[in-house]
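Here the structure comes first, spelled out in C-alpha cells, and everything after it is commentary.
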Amino acid sequence: MIVLALDVYDEDRALKIAEETKDYVAMIKVNWPLIIGSGLDIIRKLKDRTGLKIIADLKLADIPNTNKLIARKVYEAGADYIIVHPFVGRDSVEAVNELGEIILVVEMSHPGALEFINPLTDKFIELANDVEPFGVIAPGTRPERVKYIRERLKEGVKILTPGIGAQGGKAKEAIEAGADYVIVGRSIYNAPNPREAAREIYDEIRGE
C-alpha cells in the first residue's frame, strides 16, 4: 500500500497531485515543506478532497510539553497520525501518544542514519512494543533492516518505509521484507504523469 509523500510547497499543486493519485494511494504524508508553504489548513483540505487519512511528518523531538503543544494543534487540524522521534525519550513520545495516534521513527532511509540512529534500533523497537504506536518508520532502502525490525516488532504495529524510488528503494522488496506501507514522494510528484507513476508502483506491489 502506498503513502504519498507530498513534499512540495504549493497548495494547488499538492491538491492536484493528491486528486490525480488517490485511487492508488492509501494515505497522504505531509511534511514541513507543505505545511510551511501552505499552512496547517492543507491537512483538512487534502482530507476533504481525497477522503484519505493524513500523516503529519513532523518528526517531533522536543520536551514533553512542547511536543504536546505542537501535537494538539496538528491533530485539531485534522491529522490522523504524527511522526515522532523516540530518541528524546519515553515521556516525550507518550506526551504525543496521549493526544492521538503516532508513528515512531525506528530507522531512517538516508546514509547518515547509520551513524547515530541505527545503533539505537533495538531500544526504539522496545519502546514501540511498549507504547504500541500505529506504526514505525523503517528504511525502504535497506530491506534487510525492514526484515530485522519486523521480526522483533509486536504484531499489529505497522511498518512504513520511506526511501522508495528516488533514494533507490524498491516497493515490492520492502513489502516482501515485511513493510505494510511504502512511502513514495519524488517518484510520483515529480513524474510527468503522477497518476500513472502511482499506478505503476501500485501494480508492482500487486505483482501485475
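Cβ coordinates are placed from backbone N, Cα and C, and glycine is handled just like the others.
Residues or ranges marked as substrate binding site in Swiss-Prot (evidence: sequence analysis): ASP7, LYS29, 57-66, SER109, 162-172, 185-186. Swiss-Prot lists LYS59 with the feature active site, proton donor.
Under the DSSP three-state reduction, GLY185 (substrate binding site) is assigned to coil, being neither helix nor strand. Spatially close to ASP7 (substrate binding site) yet at least six residues away along the chain are ASN31, PRO33, LEU34, GLY185, ARG186, TYR189, judged by Cβ distances under 8 angstroms. Take the CB of LYS59 (substrate binding site) and look out to 10 A: across all protein chains shown you find 15 other CB atoms. There are 24 other Cβ atoms within 10 Å of the Cβ belonging to GLY169 (substrate binding site). The Cβ of GLY165 (substrate binding site) has ALA171, VAL184, GLY185, ARG186, SER187, ILE188, ILE201 as same-chain neighbours under 8 Å, each 6 or more residues away in sequence. Other Cβ atoms within 10 Å of the Cβ of GLY185 (substrate binding site) number 21 in total over all chains. Neighbours of ILE63 (substrate binding site), defined as other CB atoms within 10 A of its CB across all chains, total 13.
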